[in-house]
Amino acid sequence: MSKKNQSITGAYSFFNCIEKNFDKAARFLSIEKGLLEQIKACNAVYRMHFPVKIGGKIKVIEAYRVQHSHHKLPCKGGIRYSIKVNQDEVMTLAALMTYKCAIVDVPFGGAKGGIKIDPQTMSTENIEKITRRYTSELIKKNFIGPGIDVPAPDYGTGEREMSWIFDTFLSIRPGEVDALACVTGKPISQGGVRGRKEATGLGVFYGIRELCYMKEEMLSVGLDVGLVGKKIIIQGLGNVGYHAANFFHESGAIIVALAEREGAIYNKKGLDVSKVILHLKDTGSILNFPEAKNIENTENALELECDILIPAALENVIHKNNANRIKAKIIGEAANGPITPDADDILEKKGIIIVPDIYLNAGGVTVSYFEWLKNLSHVRYGRMEKRFSENMNAELLQVIENVCKTKISTEEKKIILRGAREIDLVRSGLEDTMISGFHKIRDLKKSYRIENIRTAAFVLAINKIVDSYERLGIFP
Ligand code: GLU
């Protein structure tokens, strides 16, 4: 763990922080200690070093794949490319994946991968070389496969890396009929599913929207019901933060600040997210956006006046040294582990509602699950039923028109007749998952009389995992 991280999280490693949250929840349950220990432990940690020739010189690359839980298979979780990657971080992120999948009823064990590189300073050729070599190391040790362990994008990776992983897998395992399902987050042309890219951001939006519909919760923090007019700060404009910002903006919420590595921008009347993105593309930075004030120190953006704060970048950004200065009434953890346990306690005392990562950012893995199912079934969503439902709707409409002796306008007809496309099915599956997940946690919070949503979410996850261990007959 780096010195800075240690001063932020105190004596604890990142993994200890998650264990602390787990232990808090376990106190509400009477589960055998050994079983709890088994659930918490990382089942397999694969740490590798491999050589890659960069600029004519051999460079040793450090990389990881951690499988936290095998209670369901395959294991599932993204691969992170960052110079800060370390074993503790990958283990923690893998553990979070286990709990996340359990909460949203996605039948996978948790995993995570990481390569310690800074992709922003590397050529595409070198990133490709490293990705392909990493994949063959995973294949060698049986750490990847449609029924074994299925990677996905995470911080620093995207569709491009996923298609290299798939291609490497297929070239080493030719003829494997389900090879497409060895990785998710692929481009549509390579077996990806429509709606995967924006899934985590959209899931964050659905989760926060559902909370904002709850009168009781809104009353507790002195806010009106609904999202319209709510002031939002988003930290991190990567794949998650960018899409979340767009969905919030479209829904009538006001994005008052956006924060990136180089600094933040603020306008209390609201920022037009698409204009900020254009400015970012033109200038390479969000700073100096004409309709906003610059905030040089990006960390200060977290402390601005707002209703909802969405940390959507990396872990431990809200810690014991800044938690007291947070003014938001709601914090939505779009990133994994953005709040340290010390900060969690401080924020809870301040009455801030925290919507935890293990629920809120589960949209990504939920749609990865849909992609995996699509790959295993070898058929696009909607292919079998779209035309059929359109024909049925047309017949039904004809009957209604005959009975009522009125004609429906062509515009109205278009809306009524339309059969579901892949994107419609993926989005409605995601929306349903996020809404039902929210209510499961909320109901459980009430019935167990638990103070905060995070602990309730952990209780839900632990109960689910224990159930599947029992079904396996491992702990009779
Ligand atoms: N990296 C994402 C996460 O942290 C997605 C994982 C996946 O789709 O498997 O949830």
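The backbone N, Cα and C atoms fix where each Cβ goes, glycine too.
Here is what TrEMBL records for this protein:
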- Lys112: active site, proton donor (ACT_SITE)
- Lys76, Lys100, Ser368: substrate binding site (BINDING)
- Thr200, Asn239: NAD(+) binding site (BINDING)
- Asp154: site 'Important for catalysis' (SITE)
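Reduced to three states, the DSSP call for Asp154 (site 'Important for catalysis') is coil.
Ranked by CA distance from Asn239 (NAD(+) binding site), the recorded positions Lys100, Lys112, Ser368 have Ser368 at the top as the closest.
The recorded positions near ligand 1, defined by a Cβ under 6 Å from one of its atoms, are Asp154, chosen from Lys112, Asp154, Asn239. For the recorded substrate site, residues Lys76, Lys100, Ser368 set the reference point as the centre of their Cβ atoms, and the other residues of that chain within 8 Å of it by Cβ are Gly77, Met97, Cys101, Val106, Phe108, Gly110, Ala152, Ala362, Gly364, Val365, Thr366, Tyr369. Its Cβ taken as reference, Ser368 (substrate binding site) is surrounded by 28 other Cβ atoms within 10 Å in the chains shown. Checking each of the recorded positions (Lys76, Lys100, Lys112, Ser368) against Asp154 (site 'Important for catalysis'), the C-alpha distance stays within 10 Å for Lys112. Cβ neighbours within 10 Å of Lys100 (substrate binding site), excluding its own Cβ and spanning all shown chains: 29. Nearest neighbour of Thr200 (NAD(+) binding site) by Cα distance, taken over the recorded positions Lys76, Lys100, Lys112, Ser368: Ser368. A distance of 14 Å separates the Cα atom of Ser368 (substrate binding site) from that of the residue listed as 'active site, proton donor'.
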